Structures are given as C-alpha cells and as structure tokens.
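Asker: Below are the features listed in TrEMBL for this protein:
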- B:3-119: domain 'Semialdehyde dehydrogenase NAD-binding' (DOMAIN)
- B:127: active site, acyl-thioester intermediate (ACT_SITE)
- B:242: active site, proton acceptor (ACT_SITE)
C-alpha cells in the first residue's frame with residue numbers, strides 16, 4: 001500500500017513527476033493530486049488515468065506515504081514540516097526552501113542517499129547542481145575536486161510552463177516581426193534570440209542566488225565545506241535541457257582517458273565524447289532522457305595535469321527535478337550504497 | 001585619394017564593412033567591390049550607392065590603397081601576399097590564414113596598433129577573441145592576467161549569412177512542427193532550440209580550433225607567450241552577438257570596483273554592470289553596437305582577491321570583424337598610442 005500525493009501536478013515539474021512515476025513503475029497503490037480551492041474538483045488527465053484534484057489540507061497530505069511538493073518555496077515553508085511531522089508522510093520538496101537547512105538532507109540518491117537516515121523531509125537539489133554533480137561525483141571521489149568554474153546554458157523550463165510558453169510565443173513574434181523587440185513577462189528581458197546572465201535574485205557578493213546554489217549545494221551534497229566554485233548562470237533560448245561548461249582543479253593528477261573510463265561506470269551518466277564523429281552532449285539529445293550526458297573531456301590548459309574541462313547536458317525537468325525526486329522515493333523503498341566513495345581527503 | 005577594395009562584399013562581414021566605412025565617414029574617394037567571374041558585372045546596392053562588382057585580379061586589387069578580404073582563408077593564402085607586395089595595397093584579412101604567422105601583425109588598433117609597423121598584410125582577429133580582449137587588455141595592463149577560463153555563447157552569424165538564415169528557417173520549422181527535429185546543413189547539428197559545443201575543427205588536444213584561437217590570438221595580441229587560457233566555444237541559437245563568461249586569475253590583487261573604474265576609461269568598451277537595475281551585457285543590446293559590453297564583474301570565488309568573474313557581449317560582425325577591420329585602416333590613416341600599457345611583468 002503506497003499512497004503518493006503531488007502538490008503542483010499541473011506545473012512543468014508536477015506533470016513530469018506523474019510521468020516518471022508511471023514510466024518507472026513505481027509501486028503506487030493510489031495517486032492523489034492536491035491543490036488549493038481554486039483548482040480542487042477539476043479532473044486531470046494523467047498517465048494513471050483521469051484523476052480528480054483534491055483540496056490540499058495538511059491532514060490529507062499526512063495520510064500519504066510520499067508527498068512530492070512541486071510548488072513554491074513559501075508553500076513548502078508553510079506546510080512541509082507539518083506534513084512530515086511524526087505519523088505523517090515523507091516529503092520530497094522541489095523548492096529551495098529547505099535545501100541549506102542543516103537538519104534537512106539534500107539528496108541525489110546515487111551520491112548521498114545515505115544522508116537521508118531517518119529524516120522525513122528531504123530536499124531535491126537545484127536543477128543546475130543536480131545535473132553537474134552526476135558527472136562530478138565520481139571524479140571528486142577519485143581525484144578530489146578542489147576548485148571549479150561553471151558557466152551554464154539554462155533552458156526556459158527553469159521558469160516553469162510559463163517560461164517555456166513565453167520562449168515559444170516571443171520567438172514566433174521575433175520571426176514574424178524582426179524589427180520589433182519581443183515582449184517579456186516571465187523573464188527579466190526578452191529571451192527570444194537573446195541570452196540573459198541573470199537567474200534568481202542578486203546576492204551582496206554580486207553572484208545570483210542561482211549561481212550560489214551551485215556552490216552551496218554541491219558542497220552539501222558532497223559533504224564538503226570548502227570546495228571553491230565560481231558559477232555564471234545564463235538563461236538561453238532553448239526549451240528544457242540545461243548545459244554547463246565546467247573546469248575542475250583536482251588534488252590528484254587526472255587525464256581525460258581516466259575520467260572517461262571512470263564516468264562510464266557511473267549510473268545516470270552517459271559519456272558522449274567522440275568529437276571525430278561529432279558526438280558531444282547537446283540539449284537536442286539530452287532532452288526527455290533520464291541520464292545526463294558528459295563529454296568534451298579534455299586536459300585543462302589552465303590547470304594542466306591537475307585539471308579538466310568538460311561539458312554536460314541534462315534534462316532540467318528530469319534529473320534536474322522530477323526524476324531525482326522519484327529516485328529519492330525509490331531509494332527509500334529500497335536503499336543502496338553509492339557506487340563511489342571518497343578515496344582521498 | 002583613398003581607394004578601398006572589398007573582396008566578399010555580399011557576405012555578412014563584407015556588407016558590414018561597407019556599412020561601417022560609410023557610417024564612420026572613412027575618407028574614401030572610391031569603393032571597389034571585387035568578386036570571381038560568377039558575380040562580376042552584377043550591381044550591388046551599398047551605402048555608397050549602387051556599385052558594379054568588378055572581376056578580381058591581383059593587379060586590380062594592388063591598385064587600391066586598402067583591400068579588405070572578407071572571404072575564405074584559402075583565397076587569402078592564395079592572393080593576400082601578392083596584393084600587399086611592394087607597390088601594392090594594404091591588405092586587411094578577416095580570415096584565420098595569416099593570424100599566427102610571426103611576420104604578420106594581428107591587430108586590435110586600440111591595443112596593439114603599434115605592432116603594424118611598416119607591414120602591409122594585417123590580420124583581423126577571431127571574433128570571440130576580439131570581443132573579449134577589449135575588456136581584458138586594461139585589466140591585463142594593470143593587474144597581469146596569468147590564467148583565464150572562457151565559456152562562449154556564440155551567435156549563428158559566425159557561420160555567415162547562411163548560418164543566420166539556417167537559424168531563422170529551422171526555428172520556424174521547430175515552432176510549426178515541434179515533434180520533428182529541425183534540419184541542418186551549415187551547422188554540424190540542428191541549432192534551433194539547441195546548443196552545439198563544437199565550432200571549427202577539433203585539434204589533437206581535444207579543443208576545437210575556435211577554442212585554441214582564443215588562447216593563441218590573445219597571447220599574440222597581448223605580446224605574451226604564456227598566458228594560460230582554457231576555452232569552451234559553444235554555438236547557441238541567437239543571431240549576431242557573441243557573449244562570453246570569463247574568469248581571470250591575476251598577478252596583482254584586483255577588486256570589482258577597481259576593474260569597473262579602469263574599464264570605464266577604455267575606448268570601445270561600455271561597462272554595463274548594474275544588477276540592481278537588471279543591467280548587464282546581453283546580445284539584445286550589444287547587437288549592431290560598436291562598443292562591446294562588460295558587466296557581471298565580481299570577485300572570483302575560486303581565485304579570491306587574485307581573480308574576477310565577468311561577462312561580455314559584443315557584435316560578432318562589428319568588433320568581431322568589420323568594425324575592427326575598418327579601425328585598422330583608420331589607425332593607418334592616423335596612428336595613436338594605446339591608452340593602456342603594461343604596468344607589471
């Protein structure tokens with residue numbers, strides 16, 4: 001008897017959670033969609049058949065085994081702890097509200113599932129972080145990542161269904177009327193045929209919160225306190241897969257060939273690195289795919305034998321959100337150790 | 001009496017050269033368009049009025065004062081030296097053919113115009129390099145850039161008019177038929193709503209030639225031999241302005257405020273760095289503009305007080321090609337010293 005509840009089932013992430021649960025044959029006995037009074041009573045077509053949206057109450061949510069929160073941080077802050085309180089449900093929260101709270105595990109199951117312990121409120125990482133760490137964890141375990149520079153190529157889906165629709169609509173505007181600047185509502189500026197180096201709010205140090213999330217969350221997931229990470233997070237006019245150009249400085253010497261061999265053993269990661277055949281990670285192929293892609297692995301010119309440059313692409317809504325959330329629930333049903341563990345300090 | 005010839009006037013760069021020459025009131029007495037027999041005799045509408053295309057011959061080109069080559073490297077290799085031989089014209093070549101030849105100056109006039117000396121064959125730098133060094137030169141002079149990591153966001157115009165048209169046409173295809181993968185001819189993969197981490201051919205070290213150009217050409221323009229630069233060059237679905245996320249490691253301590261103050265004195269550079277007002281460099285604003293934009297200047301988390309992260313955008317066809325070529329000719333008409341010179345070794 002596994003009862004699953006989803007809050008935010010009409011959003012981009014909520015829809016994908018339903019689809020992933022169904023596709024992976026997660027052993028649910030019933031699926032419950034929760035929403036505010038405004039949406040309660042509506043019927044939604046889902047992979048589990050038509051489901052009627054129920055009014056969200058903490059009591060109703062507590063009656064579930066798992067509750068996926070695919071809504072805002074403020075909703076999570078208000079309700080997550082009450083749902084997860086003793087006797088309640090396991091809460092897997094996709095917002096950033098609890099990610100950096102010391103008593104809340106921030107989890108990529110293949111990396112640090114063991115960090116969950118007996119906790120019942122679990123945070124799902126930021127999408128950019130989640131995609132990158134899939135490729136970085138094996139490297140960190142074997143070579144010790146000391147420093148890292150990340151530049152992102154982030155899709156419109158990071159701003160939800162509204163973001164994806166705005167990109168489509170304004171791109172058409174721009175094509176039909178090239179002399180007019182396209183409009184914008186969801187993004188700070190028009191995104192069609194543009195790039196915007198601004199995601200989430202600016203922090204006092206000049207970095208955006210999105211950029212600092214990569215620094216903060218990677219350290220927490222890897223159980224480190226002092227990996228130095230500088231990120232530039234950039235929104236670009238694509239649909240739903242994020243890419244990242246990453247430079248790492250390692251403690252032990254590393255070669256591209258060794259990195260490829262190691263990464264080819266990792267779950268959730270496809271090494272796509274055959275330049276001679278024009279094969280490298282791209283949103284075109286990473287979209288709608290569970291595994292992230294890593295490639296363009298080369299010896300860093302800046303850090304020589306102690307560094308690599310690489311490129312990753314991953315579906316923002318899957319590994320970056322819904323898939324990882326469902327994998328957390330799967331882990332709790334059947335825990336497993338990480339394939340990799342830290343070989344060096 | 002200044003006679004100017006352009007080879008490749010119907011291409012994306014050639015058209016911009018005509019437009020920049022006219023806009024900047026470069027003192028031409030006549031403008032000559034040269035092409036192969038296939039195009040000779042046609043009449044082109046230009047800012048200088050309708051001009052008939054002449055058959056290219058080395059003799060006809062040698063009769064000019066300046067010849068702009070906006071064609072392939074193989075054409076340049078075949079003819080550039082003959083045109084520039086004693087008694088001939090000054091040749092400003094936009095291809096990569098001669099850029100790294102020790103006896104050919106590679107020039108950004110505001111930085112190293114003095115490197116031209118008495119040479120008559122001058123190479124115009126790679127677009128990505130040209131845009132970045134505008135912001136990097138003042139910083140290098142005052143703080144000494146030792147290492148650099150660059151990730152690029154490059155527009156379709158880097159592949160000429162054909163690239164821009166392919167982006168437009170395939171974007172419309174993708175909008176009209178979202179379930180079908182758009183086509184591609186110019187680019188190695190479909191570019192609409194995709195990113196392609198592959199520009200120019202792959203080198204034995206795993207970097208592309210485009211990436212190595214940033215390393216090689218920056219060193220040459222700055223008259224350095226050992227600045228370590230790792231670049232990841234990525235094509236994204238935008239029209240004609242390149243952006244770059246850049247991390248620098250300096251020899252002397254540097255602060256964002258000092259960098260902003262210094263860069264605000266540079267010619268050809270607009271400091272656009274007011275996050276609170278949502279102001280930062282973007283292709284949307286950098287397009288069709290002579291100055292490059294620099295912003296998002298912040299203290300690097302990786303290199304602490306010896307490093308900065310920054311973001312630049314610049315028009316690929318202007319500073320990245322046509323404008324810089326015309327500025328080389330302007331420099332030769334009236335030389336001037338760089339505003340900045342190296343303060344530290």
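Cβ atoms here come from the backbone N, Cα and C positions, even for glycine.
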Asker: Within its own chain, what residues at least 6 apart in sequence put their Cβ under 8 Å from the Cβ of residue B:242 (active site, proton acceptor), listed in sequence order?
Answerer: B:127, B:128, B:131, B:152, B:153, B:154, B:155, B:158, B:283, B:313, B:314, B:316, B:320
Asker: Per DSSP, what is the residue tally for the domain 'Semialdehyde dehydrogenase NAD-binding' (B:3-119) in helix, strand and coil?
Answerer: 37 helix, 31 strand, 49 coil
Asker: Counting every protein chain present, what is the number of Cβ atoms, excluding its own, within 10 Å of the Cβ of the residue listed as 'active site, acyl-thioester intermediate'?
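Answerer: Total other Cβ atoms inside 10 Å, all chains included: 27.
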Asker: For the residue listed as 'active site, proton acceptor', just give me the three-state DSSP call.
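Answerer: For the residue listed as 'active site, proton acceptor' - judged by DSSP and reduced to three states - the answer is strand.
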Asker: According to DSSP, does residue B:127 (active site, acyl-thioester intermediate) fall in a helix, a strand, or coil?
Answerer: helix
